[in-house]
Amino acid sequence: MSDLESGVPPLNTLDQPVTMRSIDKTSRRALVASWLGWTFDGFETYALVLAGSAAVTSLGTSAQLERLPAYVGALVAATLAGWALGGIVAGFAADYLGRRRTLIISILWYALFTGMTALAPDYWWLLALRFITGMGLGAEWGSATTLIGELWPDRSRGRAAAVLQSGFGVGAVLAAVAWFLLQPAGGQAWRYLFLVGTLPALVVLYVRRAVRDPEMWTTVRDRRRNAKATAASGGQVAEHDRELLRSPFVSVFSQPHLRRRAVRLLVITVVSVIGLYGVSSWIPQYTGQLAAHTGHRGNTWSANAGLVFNAASVPGYLLLGYLADRWGRKPTMLLYYVGSAVILPVFFFAVSTPEIALIAAGIAGFFILGQFAWMPIYMPELFPTTGRATAISAVFNSARIAGSLVTLFTGVLISLLGGISTAATTVGVASYVIALAMIWFVGPETKGRPLPR
């Protein structure tokens with residue numbers, strides 16, 4: 001059997017160098033637009049981390065200020081809940097309405113409600129607006145990821161998806177810079193930070209003019225329309241088109257092999273979410289504690305560790321994409337999960353000075369955040385076009401819900417295990433070992449292969 005017959009591209013095709021000139025204009029424009037949108041997602045998400053306390057301090061009552069961490073945590077929880085709901089709904093919309101249209105709606109949505117966040121008159125308005133804004137933030141991932149996966153060539157799809165994911169890290173760094181520059185505004189600086197988050201609305205103008213839906217999806221759309229018209233008129237729908245009469249969710253999850261694949265992907269993705277929110281969130285605090293014990297300003301070192309952690313994710317994302325196209329998806333995933341499992345005990349048990357902690361925080365960000373790049377690369381390659389956005393959005397956003405619920409018990413574990421170091425290392429290493437075991441069974445290696453139709 002030839003390479004073409006087996007579905008595996010010839011080796012000389014995979015070995016050809018990929019340059020921006022070799023990629024068509026439509027694909028490049030889609031990546032630019034999606035990257036800009038995802039960059040502002042990162043900006044908006046990290047803006048809440050930076051300015052949440054200031055916002056609650058500005059708007060909260062005296063009773064709320066007495067429990068400041070709890071009320072700030074509620075803002076984060078509301079954003080994540082909205083993210084999950086918006087992401088799942090938007091995945092379904094992207095399969096029905098199109099990748100481009102859903103991307104436009106999601107960007108406009110979170111730009112509008114981020115701007116309204118800046119005008120919140122009290123805490124409860126702020127909480128509601130965080131939930132609604134989160135819906136727009138979550139909605140973009142599935143449409144942008146699917147758009148890039150369906151437009152970019154098989155041999156360079158991994159690198160393109162990694163560039164897309166890198167926007168989130170860039171956005172986090174930009175949020176930190178903006179927050180620093182806005183400090184002269186005093187207690188109202190948080191409002192100006194969220195006003196900056198309205199800028200993504202300008203990206204929509206570019207998306208409307210420059211981005212088109214992939215032919216892979218428009219073909220399915222036309223087949224679905226014809227099948228529905230035929231069924232409505234009492235005609236006989238072709239056997240290979242009957243699946244299009246069902247909803248994308250039912251179409252994907254009614255098939256046992258796709259359902260098993262989704263569950264395995266969910267387990268691995270939950271591990272990454274736990275590693276980020278339940279473990280790595282303690283890295284800045286631990287660095288601050290080290291600094292305070294050595295006579296430095298703990299808050300400053302904690303903020304620096306958070307910035308380094310997020311900044312290091314950008315090269316982590318980009319290298320993962322490069323290696324995924326060179327080595328394969330699974331070997332690269334293994335490397336990043338092993339790196340994550342190793343750096344946690346090193347950080348929490350071998351680091352004794354805040355200076356070394358900053359270096360270790362960068363390595364942790366490289367692996368722990370960088371591993372998220374496999375999701376926009378590998379997930380779209382495991383599901384058919386009829387329900388691709390629905391499937392990957394359901395997996396990714398369900399993982400955020402499950403992982404976020406698990407992180408609620410982190411505080412209890414810290415008490416039971418005697419401190420941050422033991423709890424974070426135990427939970428993190430155990431989670432990453434589970435991921436390493438699941439990688440072998442999640443699905444086929446897809447390096448250089450075309451997307452399933």
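Any Cβ shown, glycine's included, is placed from N, Cα and C.
Positions annotated as domain 'Major facilitator superfamily (MFS) profile' by TrEMBL: 30-447.
Counting residues 6+ beyond its ends, the transmembrane segment (68-90) has Cβ neighbours under 8 Å at 45, 48-49, 52-53, 55-57, 60, 102, 105-106, 109, 123, 126-128, 130-143, 389, 393-394, 396-398, 400-401, 404 in the same chain. The transmembrane segment annotation in TrEMBL covers 68-90 (among others).
Long-range Cβ contacts of the transmembrane segment (102-121) within its own chain (Cβ-Cβ under 8 Å, at least 6 residues beyond either end) map to 33-34, 37, 40-41, 44, 55, 59, 86, 90, 93-94, 129-130, 132-133, 135-137, 139-140, 142-144, 147, 190-195, 197-201, 203-204, 207-208, 211, 389. The transmembrane segment annotation in TrEMBL covers 102-121 (among others).
Among the features that TrEMBL reports, transmembrane segment is placed at 127-148 (among others).
Summarising the annotation, TrEMBL assigns transmembrane segment to 160-182 (among others). Panel annotation: around the transmembrane segment (160-182), residues 27, 31, 34-47, 50-51, 144-145, 148-149, 152, 189, 192-193, 196, 306-307, 310-311, 313-314, 316-322, 324, 369, 372-373, 375-377, 380 of the same chain, lying at least six beyond its termini, place a Cβ under 8 Å from a Cβ of the stretch.
According to TrEMBL, the feature transmembrane segment maps to 188-207 (among others). Below 8 angstroms of C-beta separation, residues 29, 32-33, 36-37, 40, 43-44, 47, 50-51, 54-55, 58, 100, 103-104, 107-108, 110-112, 114-115, 117-119, 175, 178-179, 182 of the same chain, each at least six residues beyond the ends of the transmembrane segment (188-207), sit close to that stretch.
According to TrEMBL, the transmembrane segment annotation covers 263-283 (among others).
The annotation transmembrane segment is assigned in TrEMBL to 303-322 (among others).
Within its own chain, the transmembrane segment (334-351) is flanked in space by residues 271, 275, 279, 283, 286, 290, 316, 320, 323, 357, 360-361, 363-364, 366-368, 370-371, 374, 420-422, 424-425, 428-429, 432-433, 435-436, 439, which lie at least six positions past its ends and keep a Cβ under 8 Å from the stretch. If you look up TrEMBL, you'll see 334-351 (among others) marked as transmembrane segment.
Feature annotation from TrEMBL assigns transmembrane segment to 357-378 (among others).
Under the heading transmembrane segment, TrEMBL lists 399-417 (among others).
The transmembrane segment annotation in TrEMBL covers 423-443 (among others).
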Segment confidence, the domain 'Major facilitator superfamily (MFS) profile' (30-447), expressed as mean pLDDT: 90
